[in-house]
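S.K.: Below are the structure tokens for one structure; questions will follow.
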Amino acid sequence: MAEEKKETMEEPKIGVYVCHCGVNIGGVVDVEAVRDYAAKLPNVVIAKDYKYYCSDPGQLEIQKDIKELGINRVVVAACSPRLHEPTFRRCVEEAGLNQFLFEFANIREHDSWVHMDNPEGATEKAKDLVRMAVAKARLLEPLEASKVSVDDKALVIGGGVAGIQAALDLADMGFKTYMVEKRPSISGRMGQLDKTFPTLDCSMCILAPKMVDVGKHDNIELITYAEVKEVDGYIGNFKVKIEKKPRYIDEELCTGCGSCVEVCPIEMPNYFDEGIGMTKAVYIPFPQAVPLCATIDKDYCIECMLCDEVCERGAVKHDQEPEEIEIEVGTIIVATGYDAYDPTEKLEYGYGRHTNVITGLELERMINASGPTDGKVLKPSDGEKPKRVAFIHCVGSRDEQIGKPYCSRVCCMYIMKNAQLIKDKMPDTEVTLYYMDIRAFGKGFEEFYKRSQEKYGIKFIRGRPAEVIENPDLTLTVRSEDTLLGKVTEYDYDMVVLGVGLVPPEGAETLRQTIGLSKSADGFLMEAHPKLRPVDTLTDGVYLAGVAQGPKDIPDAVAQASGAAARAAIPMVKGEVEIEPIIAVTDSDVCGGCEVCIELCPFGAISIEEGHANVNVALCKGCGTCVAACPSGAMDQQHFKTEQIMAQIEAALNEPASK
């Protein structure tokens with residue numbers, strides 16, 4: 001246990017510790033010269049250097065000086081605070097010093113790494129950075145973290161394979177978990193697939209048992225055909241409003257017998273079959289649906305009441321209204337999945353105009369035995385089997401012209417999978433793949449790629465097709481450059497399949513703004529750190545899973561979902577979280593209540609109470625936007641107070657180590 005905190009209102013006694021970081025700093029900067037310079041600065045009682053201060057011996061040396069020399073401020077000149085600031089905060093706290101009486105001078109990323117060709121200049125800059133850190137350290141104040149309690153319930157948004165895995169993991173840990181899915185049944189995109197690559201396992205055979213587990217789990221409350229409309233609060237204490245759309249069927253009474261579907265006279269496009277098949281105005285999405293309950297689409301229903309007449313349980317409720325549900329949870333996992341890219345804007349490929357041009361997901365539903373063609377691959381134009389099929393890779397991916405420069409990571413593999421399945425069903429069919437590069441990066445992927453060539457005889461042409469032309473007989477001519485042969489080719493096909501990429505789902509932007517999340521350049525939700533916090537977000541208590549965070553295959557989505565569940569469980573297990581005190585504070589005597597800070601705060605952490613700004617300590621991230629914008633100077637930021645920053649600036653400008 002840390003020793004009793006030392007009194008810090010006395011005269012500052014500063015210790016400066018300059019790290020070599022092996023040769024990262026020591027190979028460029030004259031560390032000994034920086035150490036000697038620091039020793040002469042006001043209030044510095046000890047200055048030392050060491051090869052690695054982040055190591056145990058280095059930290060023990062700092063702790064020894066705190067205890068024996070009475071040091072009450074510590075400055076470490078080393079690497080990025082992003083990496084080791086928590087390390088040194090713990091170090092000084094274990095020695096009895098408040099952790100916020102520590103200051104970091106970054107002389108690696110800000111100095112040695114960017115001035116490797118100028119050691120002398122780098123050394124002088126290091127002196128400047130250390131002097132600035134010492135100037136701020138003199139004015140540091142002890143701060144104490146606050147704690148907030150955490151509700152031990154969780155919310156999972158999205159009912160695809162990632163959301164299912166996350167919900168089951170949390171529920172198995174004993175936490176009450178709400179799952180919200182916008183469609184009538186959980187399953188996500190995985191439920192639409194026939195087989196999964198590279199093992200060609202039955203997709204629904206893998207997924208359906210997990211779906212059933214979700215529906216039956218005592219700790220999971222499943223809310224389908226619903227969307228999150230409002231999220232207020234902060235980690236441990238989120239208040240969520242959910243709008244549940246009317247099914248016009250009572251979920252508690254419906255047994256999924258299908259009698260209503262049989263008698264319904266109205267047909268409509270089946271969303272689950274990507275619109276290439278038909279269903280009824282009252283429908284059950286697919287046989288394994290969870291919950292197994294019918295839904296009436298009022299856009300098509302003519303209210304003939306035949307469904308009501310045949311329902312023995314009286315489950316049909318034509319007067320059902322939308323329902324607003326309010327829940328309180330401690331943590332949230334966003335697993336909203338993806339949509340397939342709509343290739344209509346790729347006019348050169350003729351999707352939506354050329355009858356026999358379809359997407360990869362539409363082909364998935366054709367191949368599926370429970371799909372609209374009972375597993376037969378048929379040309380949309382005449383219902384006959386195609387003798388020549390072409391696949392075009394990277395439609396909606398790796399294409400800067402349409403603002404989609406990223407790789408969708410699954411297209412190469414799902415195209416080869418479907419090509420193999422076509423050959424299995426129709427061995428005499430000629431299959432050709434037009435590709436830019438084959439990205440077979442996962443376990444078993446390269447072998448899968450080779451099998452496509454060697455066992456199935458699938459033809460590969462390297463090049464992005466320029467145009468797909470529809471001929472009078474509805475065959476299709478694909479004009480493309482073959483970059484390996486260095487010539488333009490034109491081949492005729494009966495059907496062309498577009499390997500469409502993955503894009504953020506409809507409604508993702510609204511949900512992002514509702515929760516207050518960031519997004520990456522490609523539109524997917526952004527993690528807090530790509531390597532160190534890959535499932536966290538910048539909003540504490542909110543985590544990401546699956547393709548919501550970026551394109552990935554099923555194993556990666558499941559692994560990330562389990563990781564997100566584990567991260568979400570940590571604060572709920574503890575029962576409370578510590579809130580760092582580096583936040584904005586308001587001088588109520590100066591604040592005029594102009595609300596400029598409220599408009600600019602990216603985290604919604606400020607409100608007006610009793611005529612002046614009030615900062616919610618749990619929501620504030622200490623970004624300083626309000627401090628910079630406040631016209632009256634009423635806002636300040638702990639640990640980065642105006643006087644502390646000004647002291648650094650004055651130290652940099654008034655006493656430069658070199659001119």
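Any Cβ shown, glycine's included, is placed from N, Cα and C.
Here's the feature list from Swiss-Prot:
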- 158-181: FAD binding site (BINDING)
- 244-274: domain '4Fe-4S ferredoxin-type 1' (DOMAIN)
- Cys254, Cys257, Cys260, Cys311: [4Fe-4S] cluster 1 binding site (BINDING)
- Cys264, Cys301, Cys304, Cys307: [4Fe-4S] cluster 2 binding site (BINDING)
- 292-321: domain '4Fe-4S ferredoxin-type 2' (DOMAIN)
- 581-610: domain '4Fe-4S ferredoxin-type 3' (DOMAIN)
- Cys591, Cys594, Cys597, Cys630: [4Fe-4S] cluster 3 binding site (BINDING)
- Cys601, Cys620, Cys623, Cys626: [4Fe-4S] cluster 4 binding site (BINDING)
- 611-640: domain '4Fe-4S ferredoxin-type 4' (DOMAIN)
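Give me the lay of the land around each of these features.
M.R.: The number of other Cβ atoms within 10 Å of the Cβ belonging to Ile164 (FAD binding site), over all protein chains shown, comes to 29.
The residues of the domain '4Fe-4S ferredoxin-type 1' (244-274), classed with DSSP into helix (H, G, I), strand (E, B) and coil, number 8 helix, 5 strand, 18 coil.
Every protein chain considered, the tally of other Cβ atoms within 10 Å of the Cβ of Cys257 ([4Fe-4S] cluster 1 binding site) stands at 16.
Close to Cys307 ([4Fe-4S] cluster 2 binding site) in the fold, though at least 6 residues off in sequence, lie Ser259, Cys260, Val263, Cys264, Val282, Ala294, Ile296, Val316, each with a CB less than 8 Å from its CB.
Over the domain '4Fe-4S ferredoxin-type 2' (292-321), the average per-residue pLDDT in this prediction is 97.
Non-local neighbours of the domain '4Fe-4S ferredoxin-type 3' (581-610) in the same chain are 100, 143-146, 516, 539, 616-617, 619-627, 629-640; each lies 6+ residues outside the stretch with a CB under 8 Å from one of its CB atoms.
Counting every protein chain shown, the number of other Cβ atoms lying within 10 Å of the Cβ of Cys594 ([4Fe-4S] cluster 3 binding site) is 16.
Non-local neighbourhood of Cys601 ([4Fe-4S] cluster 4 binding site): Thr625, Cys626, each in the same chain, at least six residues away, with C-beta under 8 Å from its C-beta.
Sequence-remote contacts of a segment are chain residues at least 6 beyond its ends whose Cβ falls under 8 Å from one of its Cβ atoms, and for the domain '4Fe-4S ferredoxin-type 4' (611-640) they are 100, 140-141, 143, 146, 148, 234-237, 538, 540, 579-588, 590-598, 600-605.
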S.K.: With a 10 Å radius around each C-beta, find which of these binding-site residues (Leu170, Cys304, Cys626, Cys630) has the fewest other C-beta atoms nearby.
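M.R.: Checked Leu170, Cys304, Cys626, Cys630; of these binding-site residues, fewest Cβ neighbours within 10 Å: Cys304.
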S.K.: How many other Cβ atoms sit within 10 Å of the Cβ of Cys301 ([4Fe-4S] cluster 2 binding site)?
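M.R.: There are 17 such Cβ atoms around Cys301 ([4Fe-4S] cluster 2 binding site).
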S.K.: Just to verify a number: CA distance, Cys623 ([4Fe-4S] cluster 4 binding site) to Gly158 (FAD binding site), in angstrom, no decimals.
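M.R.: Here the two Cα atoms are 30 Å apart.
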S.K.: Using DSSP and three states only, what is Met179 (FAD binding site)?
M.R.: strand
S.K.: Whole-number Å distance between the CA of Cys301 ([4Fe-4S] cluster 2 binding site) and the CA of Cys311 ([4Fe-4S] cluster 1 binding site)?
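M.R.: Per the Cα atoms, Cys301 ([4Fe-4S] cluster 2 binding site) and Cys311 ([4Fe-4S] cluster 1 binding site) stand 16 Å apart.
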S.K.: Do any residues, 6 or more residues outside the domain '4Fe-4S ferredoxin-type 1' (244-274), come within under 8 Å Cβ-to-Cβ of it, and if so which ones?
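M.R.: Beyond its ends, the domain '4Fe-4S ferredoxin-type 1' (244-274) has Cβ neighbours at 183-184, 191-192, 223, 225-227, 280-286, 289, 291-302, 304, 306-307, 309-318, 320-325, 359, 361-362, 364-365, 371-372.
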